[in-house]
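Annotated features in TrEMBL:
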type     : residues : note
DOMAIN   : A:24-467 : domain 'Amidase'
ACT_SITE : A:Lys78  : active site, charge relay system
ACT_SITE : A:Ser153 : active site, charge relay system
ACT_SITE : A:Ser177 : active site, acyl-ester intermediate
Amino acid sequence: MDIERLTLVEIKRLLDEGETTAQELTDAYLARIETLEPHIRAFLTVTPDVAREQARQADERRAQGENAPLLGVPLAIKDVISTAGIRTTCGSRMLETYVPPFDATVVQRLREAGAVFLGKTNTDEFAMGSSTENSAFGATRNPWDTSRVPGGSSGGSAAAVAAAEAPAALGTDTGGSVRQPAALCGVVGLKPTYGRVSRYGLIAYASSLDQIGPLTRTVADTALLLSVIAGHDPLDSTSGQHPVPDYLAALSKADVKGKRLGVVREWLDNAGLHPGVRDAVQTALATYESLGATLVDITLPHSEYGLPVYYLIAPAEASSNLARYDGVLYGHRAAHTEDIWDLFAKSRGEGFGPEVKRRIMLGTYALSAGYYDQYYKKAQKVRTLIRRDFEEAFQQVDVVVGPTSPVPAFKLGERTDDPIQMYLADIFTLTVNLAGLPGISIPCGFADGLPVGLQLIGRAWDETTLLQMAHVYEQATDWHTSVPSLTNA
Amino acid sequence: MALTREEVEHIAQLARLALSEDEKEMFRSQLSAILSYAERLQELDTDAIPPTAHAVDVQGVMRDDVVRPSLPRDAALANAPQAQDGFVIVPTVLEEHA
């Protein structure tokens with residue numbers, strides 16, 4: 001079976017019409033994973049036994065007349081999302097052997113929808129990074145050029161979808177970690193509104209910013225997957241009560257005529273923007289105009305402060321969330337320790353990698369007595385200004401548009417010694433998390449032979465408009481049909 | 001904002017992180033650079049601006065007070081580095097003083 005270009009929507013049709021079975025599909029993806037993994041390393045754990053059993057059950061349920069939304073559809077899940085009975089490491093030595101005793105709510109919803117779990121995908125340690133090079137188990141490689149990064153921290157999920165090792169995957173986005181790797185790997189990635197998808201069972205990094213989102217080949221696939229995982233969850237007190245529309249059905253009514261697109265001037269004029277990325281984004285804007293949309297220049301004057309705000313708030317929350325890894329109840333424990341304090345410090349010193357330690361230290365400092373007002377509280381106030389910039393923009397426009405990443409995929413190792421250079425990879429995405437808004441990245445061209453992503457940002461809770469706008473563009477272009485040749489794999 | 005080695009050691013102690021000598025030096029220079037970068041926030045006058053803890057208006061919703069089964073003890077202890085007789089084992093916390 002040729003699975004290279006299969007989408008979720010097509011897989012559903014093939015299954016519905018009896019042209020394939022869940023077991024046949026699952027075997028095809030497992031075989032492709034076996035062939036490509038030595039070159040791509042998108043997975044930390046492949047679960048053939050779990051997948052084959054789920055596929056067998058899905059075929060049985062279908063034979064009995066059942067048709068759940070993802071019945072028999074194979075997927076991959078980022079390894080920061082808890083899966084009962086399946087090792088979940090967060091890309092960290094700290095959780096190298098951890099097997100969660102419960103499912104995250106999204107996983108529970110995928111199980112009920114009939115999905116088949118191919119495995120857990122690679123991630124920067126505790127989702128901290130922009131290249132998936134911070135994984136304690138080795139970097140994932142970009143399927144378009146294996147000497148380059150796939151982006152991060154959901155780089156494993158993005159690479160798995162780009163290489164067709166899975167037709168879709170779940171990622172998490174704290175400062176751009178779904179959208180930026182989607183852009184660098186040439187796939188679709190959505191960060192939903194904060195609170196749209198339950199975070200219960202997502203191993204926390206920065207709780208006021210984290211959100212789970214889909215990575216897929218098409219906008220329609222993202223709409224389908226979002227419909228399954230979205231919705232209120234009593235186990236997550238920050239989960240919203242808003243009703244979940246049928247996102248996939250809404251795409252048939254998609255139209256951009258009369259829509260106003262806000263073009264962020266300071267993003268397109270940014271000195272760090274790669275010329276090829278600028279060209280691809282400008283061509284995409286012209287396409288929108290030809291489809292009947294109106295382009296409106298807007299300004300987000302405080303977006304230039306997004307990076308320092310993010311790198312104070314996210315580490316502050318991380319320093320608190322990661323305090324739970326003390327070597328007592330679960331996770332790595334150092335051998336030969338003198339007393340309980342020594343056990344805490346040595347277990348954490350040995351279990352965490354450099355980026356995680358750096359952020360814990362930064363957060364501890366920003367929250368410490370004497371520096372709280374100067375750093376943490378100041379950042380929270382500027383966060384208000386960033387949020388207000390978006391509120392003002394949405395008075396004038398329906399959607400905000402710009403590049404997803406300032407550059408196409410960079411070389412492995414190119415930025416690892418300079419944290420600030422690495423942090424700049426998320427410069428256009430992280431303000432969206434600070435403001436809690438939904439954002440999507442869709443393929444919009446190539447620069448130096450590497451994929452470029454276009455970012456669309458919407459009003460809170462209005463994923464429908466975002467998906468509709470993205471879908472119309474996708475239908476008018478064929479970037480999403482390009483697949484990496486994998487000749488150098 | 002240049003941090004001293006002593007400040008790095010103090011932060012590491014607060015964060016309960018045992019660091020090697022090389023790590024202390026690396027973090028001293030990297031954290032100093034990041035904090036200097038963050039200094040640009042001081043350009044903005046935010047005296048009249050309230051802080052944002054959550055960007056979206058989500059209220060802490062109380063769920064129904066329904067008794068549910070909790071995690072069985074065996075499952076809760078399954079990932080413990082050291083456990084015995086239903087307890088987690090840690091180094092001595094309280095010591096007897098003569």
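Backbone N, Cα and C atoms are what each Cβ position is placed from, and that goes for glycine too.
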A:Ser153 (active site, charge relay system) CB neighbourhood, other CB atoms within 10 A: 37
DSSP-derived structure type at A:Lys78 (active site, charge relay system), helix or strand or else coil: strand
Distance, A:Lys78 (active site, charge relay system) to A:Ser177 (active site, acyl-ester intermediate) (CA atoms, angstrom): 11
Per-region confidence, the domain 'Amidase' (A:24-467) (mean pLDDT, whole number): 97
Cα-to-Cα gap, A:Ser153 (active site, charge relay system) vs A:Lys78 (active site, charge relay system), nearest whole Å: 9
For A:Ser153 (active site, charge relay system): DSSP state (helix, strand, coil): coil
Secondary-structure category, per DSSP, in which the residue listed as 'active site, acyl-ester intermediate' falls: coil
Largest tally of Cβ atoms lying within 10 Å of a Cβ, found at which of the active-site residues A:Lys78, A:Ser177: A:Ser177
